[in-house]
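> Below: one structure in structure tokens.
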């Protein structure tokens, strides 16, 4: 039997402040972590099942996936502008604030879908621009770094994958409005600590995606187009199913008001966008930076590309842990601020940062000890790629703590409604410090993949230090008198 809010608070009060926050954050983070893993599996299943269709289809889907993910995260960032409104409204027990946040979040979701759809139609142009940039880099390499230039012809590639990549991107675009609305509903529930519905929907959605892929890719022989349609259909399923669960279980009880003219109040919608746009830019800066390092790895040859891809995939898997803690911190910090418990919110912020850092320190040990074993499970027959991956995984292990602190710090700032600093931190760290450093070593000093990864480590370290310092000196406690 579920405990009431008052009973839960009474049990938490019996614990020390830090133990209480560890318990609460862990309870919030675990289902969020699992939900995010299920969410990632949808795209992974597409790639695995396309592997049985053709290698060109896999390559095209991976290329399109970069653009699809980037545009999708931009839209998600806009919708996540409701996070501090929901979390703080729940803490303040403000029924109208909760209801209006969801209503306006849905409006923002539908608005955000429009540019996302438009950008998806530019998939081929994005790939062409990437090749043009690679060609420019090739020219630099011939002058400054001959060993880089010698391996660029294959990296620049041809346009033969543009058409299938565009088909894959566009085939799932019809579901964009539904997916954005799903994000709005999920964030409203998550901000109130209601996590199980999104987890169950994401788990079932993977089964739906698996069946849809099988039918459309193999049975109907639609190939890469079928994979895109299956993903789009799965997104619609997630949206409609979550809405149905919300209605059936009355999950908006105490957190909803009827739609009226106030729901469409422009000033409040713009307020959400002011919070959400920096979140979208934050995602874009980080995703774009990692995409740029992948291009740099491609310029170093096939072996470097494979080793880089393996290391990025392993780092992405470990990243799910602090990401869950960071999203839990968004909810917890916002709830406590809404309750006017700013001191407790500051304590929770400190605990969350330690949890993010320590959990990733443990993951760093795993990556270091498994630096030869883990890559062999990805490419068992490519000994050169395994050796190179084994050389860069210790660097990935070194930046795990930074990665954990920076993502949790960003979550704390989002719970406070302070999204601009996180965007600024990421822009400075990635586009002013890390990427120029990587380009300098690879393009001008004839460097290799290790230099690329040390540059990533530098960028994450800068973000982590800035985020942690902001939380310490201008964290939730600083809002007490406002």
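Using the three backbone atoms N, Cα and C, a Cβ is placed for every residue, glycine included.
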> If you check TrEMBL, which stretch out of 331-350, 351-370 is marked transmembrane segment?
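Of 331-350, 351-370, TrEMBL gives transmembrane segment for 351-370.
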> Give the range, chosen from 131-155, 306-330, that TrEMBL lists as transmembrane segment.
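Per TrEMBL, the stretch marked transmembrane segment is 306-330.
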> In TrEMBL, one of 7-24, 385-402 is tagged transmembrane segment. Which stretch would that be?
385-402
> Run the contact check on the transmembrane segment (57-80) against the transmembrane segment (168-185): 3 or more C-beta pairs under 8 Å, excluding pairs closer than 6 in sequence.
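Contact confirmed: at least 3 Cβ pairs fall under 8 Å.
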> Most CB pairs under 8 Å with the transmembrane segment (275-300): which of 101-122, 168-185, 222-246, 423-446, 452-473?
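Counting Cβ pairs under 8 Å, the winner is 423-446.
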> In the same chain, which residue numbers or ranges, 6 or more beyond the ends of the transmembrane segment (197-216), come under 8 angstroms Cβ to Cβ?
31, 34-35, 38-39, 41-42, 45-46, 49, 186, 189-190, 222, 225-227, 229-231, 233-234, 237-238, 241-242, 245-246, 249, 251
> Per the 3+ Cβ pairs under 8 Å rule, pairs at least 6 apart in sequence, do the transmembrane segment (222-246) and the transmembrane segment (351-370) touch?
no
> Would you confirm whether the transmembrane segment (101-122) and the transmembrane segment (28-51) meet the contact rule of 3 or more C-beta pairs below 8 angstroms, pairs 6 or more apart in sequence?
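Contact criterion not met.
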